[in-house]
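Shown next, in structure tokens, is the structure this report addresses.
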């Protein structure tokens, strides 16, 4: 809308706003209506949705007065304005709102009507489905009652009649199934926009069951027809077979009589003809063998049906008669063959016959073994069963042959005496006649026994194999039925699972209902577990019987188990997702925190509930809140603060304000902690617990400071900060003690109240605290500066020295009480000094001092005021002091006092007196009487003394460039620095000094630290092109910077030398001017004589003069020695400085001398002051002031290795010599200053 219209009609803006709000509400309502999808066929859910639609319609009607008011307002606006464009816009807007209202109302009414029709159709379908299911159950019941097929005419007729009646019922029941299918198809067709998967599932289930019923009916009908045909054909076949059997018996009898006639055996032609007739007879017998077995099997089936009846008895007799006659016929045929083949060598034929039978039996035994093992599925076992049935038929057919052969041999042995056997045994041998006969008999007897043994073994093995086949087939059928049933139930359950809507598409209000439905669903499918166990147990039984299931059955078994497991996992995952959605979007969720960020940022939640943030513009993610990132970037402005305690405190103060914790009182914080029952300090808090507690805190702050606290933003920011401090790995859990330490440290409370509260958290019920508990507290506290990268200045992350310091203060008691802890904390130990400094920074923010800064001329001074205790009326503001600026005539090592509140007259008088005293004090006094504003607790491996100026501190800082704080984005900076320090200590202990042997170990360690600092500073330069790539380049760059500095140092030393020489000459002239000459020493034994008082005074004065003379002579000798030593050292320094220049000119490159870069600081202060400063305990941590950026990629060990490899041996000796001479020079200057100071005092 044009802005000119808004200016012309001011009420139009309000009208547009109201229209927009109503339009947004209607749009949202329309989306909700479209998103409300129901499960078709679920009557209960449809009823619930109808109720919701009714409520929504009522809400819409309640909004109608609002619409009418808007229409009235539009009419009034049109009446008030004469602008046709405005009138047209108003008319268009109101018409759109009305049309949108009508559309939403129409959608609601149509949806409600549709739901009512759906409810009606669903009820009809449910009724039809229940009827169809009842029909199916009845059909299943009748089929289960079916008996086995009988092979009697009456029974078959009755079973056939029952089946036809059942088929009629099936055709009638088809109507019910079709009706259910038609209604299901109607639901699927008419309500396709809703969830119809339940209807489809039920329809498929009914149709599948109905198809199975029809299939079983067809199979039953076919089996009855086959049984009837068999019954009719059996007796016909039996009569034909018996008729043939009678003819065959007659033929066999005639043939047998012919073979027993006299003279037949001598007639070869007649014998041959009889043999041909026998072969014809045997061929017919072999041809009817299959018919016999078929009749026998079918007869046995019929006998089961006719058991107990007269027909059954008659049939049994006929079958037995048929079997006897059949066996007799086969035996008679064999006897005929034996008789025809009889000759003088009859025993040999018997022997060959038995050998053939043995070979056949062994072959069958091997064949039976090859049928193993049992197959792993029903088709294979059925094939094995059929194979074995044929095998048994062959064995049974061979039985008469074997029995006949055995009987023949026995008859032969019984009829033939030994004499005859001897004649038959015609093999040439020397054996006795009786022995020969016995040998023939023994051979035949053994063969008969072997045949009997093999035959019995074959029958037993065949019976056992058949038993295994029957058992395996039964178990496999049971397993298959169990798997089919399990598969059907799983399919039904999976179909229900498939109807689940994605959790993201569900309405928030319906989440709890869906959770209840899922739990009900889990209870409904719980019985499937029994089916799974049954299937697994059945499968396990096969392994116990050495039956290996087929790959198909194994894969199907694994598939069923996997489907069941996946179903359970899906249910658990669904419940978890619903619970998480309910938790994330419910009243106790993080959903309200999504407003803490603005576009293009989006707040997201990781699986462990830790928030992270997505930038859709850059398509990146980060753990830090965008506002937290901006805050960290703004903290870089404080890196110009030289003193780490104040730098840390000022950063924490800015963080405290950003988190609104400066508004939180200690009592309010304690109430919130108690409200959430956070009493177990060792307990872990998850993200939701932290959010809930922070929400309680900030809700209360919002009530007290409505315009200052944005609850979602503050909760998210504070959560972000706590995770950065105590959970850098983003595990989603921090300890309760850590949470309390972080919140209480930054809240608004008296410092000692904080100390008392924190001590109470780690103290026992008796009020005492041991070392372990105190260590936990200090560990959590030191994490706060550690997160800012300032931990090295506070003694490092190792809190053991601080704990030891506290208990040493308490005389090494095993436990300390609160009073001792408070006394120790009042000393401001190095690891905790940042907390009282934070309080002073907060107190100084509003302080206004009626004084003018002598450097920047600011008046009045706002914040900290630093008053010199060396000069009268000299003040510095905090900006100048923190940046290291000084005025002419004042040096940073002069003592100063800090004020965070306006001074009183008493303080002014006290400071005046101190300035007056300091006017008469020398540097040596301040060196011997150092005063520190904190309790140092550093270890060998971590942290030097820091530079916190508190109350009255003698400063010895260096005029260096401000040290940069470490980058806040690197959480492991402190770890790298600690690692460097540890490696330095290890290497120094094992290898000694890194440089020349003339350098002391302490100096070596300091020098190495300085080298690392210079190297890291060089890596932290703004221009990547200017960064050196090796330690050699570092030294070269430092040489060029230090050349002028060393020249100034040499000039200062020469000036000092001249001053010392003039002082020496002055002292010598004074001595000569007094005209003192050496007096003879008094004798050892001097006679006592009375002396006048005047003589006594003269003697005493002479003694004093002699003593003074001796001291002056000794000191002059010392001065002369030092002067010579100094001149030689200066000469060597000049040679070393000039030598590299000459070498560089030869090579065409200009280099500066490799000066003592390891002892170099960033200032140009004289070495004498450096030495004194280093010997004073309040150096204020030069290493801390010079601390480089910790964001370095090269470890200490690598740096030292590069240094050792970067210089030739000769050059290394020069650098070492330079270090050695610089050290000697410093010690010489120190001695000179001490001598001069003593001389001034004596004078």
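Using N, Cα and C of the backbone, Cβ positions are placed for all residues, glycine too.
Some features that TrEMBL has for this protein:
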- 43-77: coiled coil (COILED)
- 115-176: coiled coil (COILED)
- 462-496: coiled coil (COILED)
- 1147-1179: compositional bias 'Polar residues' (COMPBIAS)
- 595-628: domain 'WW' (DOMAIN)
- 848-904: domain 'ZZ-type' (DOMAIN)
- 1067-1092: region 'Disordered' (REGION)
- 1141-1192: region 'Disordered' (REGION)
Mean pLDDT across the coiled coil (43-77) comes out at 86
When you scan the chain for residues with a C-beta under 8 Å from the coiled coil (43-77), skipping those not six or more beyond its ends, what do you find?
9, 11-12, 15, 18-19, 22, 25, 29, 32-33, 36, 86, 90-91, 93-94, 97-98, 101, 104-105, 108-109, 111-112, 115-116, 118-119, 122-123, 126, 513
Folded-back contacts onto the domain 'WW' (595-628), same chain, C-beta under 8 angstroms, at least six residues removed:
584, 658, 686-688, 710, 712-713, 715-717, 719-721, 723-724, 727, 730-732
For the domain 'ZZ-type' (848-904), the number of residues DSSP places in helix, strand and coil
6 helix, 15 strand, 36 coil
Just to be sure I understand, if DSSP states are collapsed into helix, strand and coil, how many residues of the domain 'WW' (595-628) fall in each?
5 helix, 13 strand, 16 coil
